[in-house]
């Protein structure tokens, strides 16, 4: 997800089998001098176009697609395969261009692919994935395929799929079951079709990755592990330094503004904004909003994060203290019911509510689906919830991840996370039998350092080397960043 702990799971079985995993336009013309009504129409058309881009926010082809559910279509790719379900397989060529653009800013991952594809370190791996399906994710999926894996994929968010990218992956031969705007029933149908197919048994699982920025999924796995119910080893990429410090912080710092601007055209100067949660996601969102002149308040349960917010110049408050004053509320906690119906009732007219945290649990959206409230869809992913007295609250993406549902995310930052994930999969799949038990494992910090070092060349950055005396004084290995046994797979920049 936001935008999703990042976890890879695998479990070895009996040799000599390598590794196994078990898991229970309308075209419109305007007169030269439009009337007042015409000017409004023109303005609305231009405003709408700000949300219709060649991105995860909306495919330019979406509006021209018919309303037939992909489940009711029979589509075939150029290889005569029908083992997929996407919006329109004919969008594959456009999706391929999107993926190629993303590749240009994911140099370390592409380098890994080129270096390792001859050795096929994932040969025999059968990976089923449930993640956001975007151009950046596609680069990771295609890297796994190039390294020998067979992949089947579905979406973890009903709004974040890029239809053209899903089509491009399906054309390549990846069995993808996903499209933008799925219903809840579609969502579970796609997962079932992805996982349950005759003659294909997964032996690795990839859960929400790249964008889900809160550790709720990792927490769930730890609960299972503690109860002795986790039946596979799990690699926790979410808590890696590269994920927390780069994906969560820098990705959100840029994408929060993109999502809000595309959907609402709001001006932030002087606006009063509450950011719920001051973890890495909250830090990124708060910094971006403050830079544009917004007055930012923070809510926090953790005294250390609260103190950080204070020392960064933000006022830490309880949400109820400012609920009647604020213009925007952004949730970044990973918890549930952070914004309740009672608080939504007390917000002022025109307030904006959105989520940058986990799934769609942070805002109590279900409580707004009652007879006395009217929902009005004004743009893609933008709903006005109207109270009986005429008050409107603007709800974005129905409380799901704002940046992936309504905008784009920075490709380079995601390259860092994707490279970490690919190396984690290689490690997990090729590890000697017995190295990993049925538990949740953290990546070594040295792997984070190694992945970070691979991306420094993009900035023409040069690391300072320790002298022998300095290394000895600090008790460090002078040889530099960690070089694991899969170092041979990565080109030196």
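Each Cβ is built from the backbone N, Cα and C atoms, and glycine gets one as well.
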With the ranges 28-80, 81-133 to choose from, which does TrEMBL describe as region 'Disordered'?
28-80
So if I measure Cβ to Cβ from residue 282 (NAD(+) binding site) and keep only same-chain residues at least 6 apart in sequence, which ones fall under 8 Å?
275, 276, 298, 305, 332, 333
Near residue 284 (NAD(+) binding site), how many other Cβ atoms are within 10 Å of its Cβ?
24
Can you give me the same-chain residues 6 or more apart in sequence from residue 300 (NAD(+) binding site) with a CB-CB distance under 8 Å?
277, 278, 306, 309, 316
